[in-house]
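Per TrEMBL, these features apply:
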type	residues	note
DOMAIN	5-71	domain 'HMA'
DOMAIN	81-147	domain 'HMA'
TRANSMEM	171-190	transmembrane segment
TRANSMEM	222-244	transmembrane segment
TRANSMEM	265-287	transmembrane segment
TRANSMEM	457-479	transmembrane segment
TRANSMEM	500-523	transmembrane segment
Amino acid sequence: TKTISKCYVQVTGMTCASCVANIERNLRREDGIHSILVALMAGKAEVRYNPAVIHPSAIAELIRELGFGATVMENCGEGDGILELVVRGMTCASCVHKIESTLMKTNGVLYCSVALATNKAHIKFDPEIIGPRDVIQVIQNLGFATSLVKKDRSASHLDHKQEIRQWKRSFVVSLIFCIPVMGLMIYMMVMDSQLADAHAHHNMSSEEMEALHSSMVLEYQLLPGLSVMNFLSFLLCVPVQMFGGWHFYIQAYKALKHKTANMDVLIVLATTIAFAYSFVILLVAMAEKAKVNPVTFFDTPPMLFVFISLGRWLEHVAKGKTSEALARLISLQATEATIVTLGPDNVLLSEEQVDVELVQRGDIVKVIPGGKFPVDGRVIEGHSMVDESLITGEAMPVTKKPGHTVIAGSINQNGSLLISATHVGADTTLSQIVKLVEEAQTSKAPIQQFADKLSGYFVPSIVAVSVVTLFAWIIIGFVDFEIVEKYFLGYNKSISAAEVIIRFAFQASITVLCIACPCSLGLA
């Protein structure tokens, strides 16, 4: 008896079905090669060969000679079929043992575990020797009812609608409140510069100076220490902090719980501290009845939230687009297949409807006109036109006759076909496309990985720098008060030197935090 071994070869450079046919045709002629199956989307060839005659490396070399890239894949466990079943009617551990031991004795079953609590069985098998229907038959023969675990074909996990809604809402809320804050800021800047000009050219009459000062309505104090500008900014900032920043707070909390610092943590830190600091400063100024309005940072949170939530919203919209395509692809898969048993001379003996997941390699599947091909396969009997536009984008139907390959998900048009299944389950072209798109979505672009890695260091280091700033200024202040006095303009002479220093130090460290936040914009 000749022993037949199996190997997998990764093939690169295949562009279409004719490449596949070319490889299969040429390799079949070689000595020692028993059979070959090439999957285009997976870029994989499964070769069964006689090890006494030929080696996998020689097979790869043969493929390379045809002008494709080929490497032998080491982990041959790729070909294992995996089956998830629901088993009903088990009452105790001995039932579990009975099923497991019977299955393990069955030729072709590699691994099997049955859980009594969940009524589930997880089975690995070699699709060359045994198929899912045989496994189910074995369990049913023992007297248990079995069915497949129903897969969720709706692809609901790919739906980004909720996230898109949530970030859009977050963005709109922040934007509504951000625009007035920006307006106030710009107005203040313009007024300040006009005042500066006025002071520079002392040739203004006192009436004009008065007029300019009175135009600084925003600096007018509602209560001692509380200017119109600060009061309005505060009112506009609160809703943004609460509604616009809600999701950021949740994410940041989760990140900190796992002892990691991501972008959200920095955003939350900067906005919260800016808000809290400004609020406290206002209260202090009111308590002191300060003449000079304190410098607040109420403009920081709304602007940050606007930019970041806009970024997140766009990101989810883009993801949603890809996912939509994926969901459509998944919906193309057929759910059932008609399996037929053939007698001599291809006479139909019987046919049965089974779940697509139960189709085994080598099964004969009948596809009626207007039906979808459930699996990839080769035509054995019948002539028809097939619409393969879902894979190839080609609007014209393609003629199929015995020997031609068909693709799962494509639609049979006018004739009834019998096909022999070559790729089933996760190996079909359609499943491979779905898998590729899913992988493309889950894998990050290298630059994104780099940014995530950076932000991991970025956040703690910024916090550290701002803390250092805080203490540095406190120390400098107590050592040499004049420096602080020089930079900290307009402080009230009535308050103690220590308070001035601490206030100045806080202002400096908050500034560091807030200025670091636009960097997080860059990263975002």
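The backbone N, Cα and C atoms fix where each Cβ goes, and this holds for glycine too.
Long-range Cβ contacts of the transmembrane segment (171-190) within its own chain (Cβ-Cβ under 8 Å, at least 6 residues beyond either end) map to 218, 229, 232-233, 236-237, 239-240, 243-244, 298-299, 302-303, 305-306, 309-310, 313. According to DSSP, the secondary structure content of the domain 'HMA' (81-147) in residues is 23 helix, 24 strand, 20 coil. Residues in the domain 'HMA' (5-71) partition by DSSP class (helix H, G, I; strand E, B; coil) as 22 helix, 24 strand, 21 coil.
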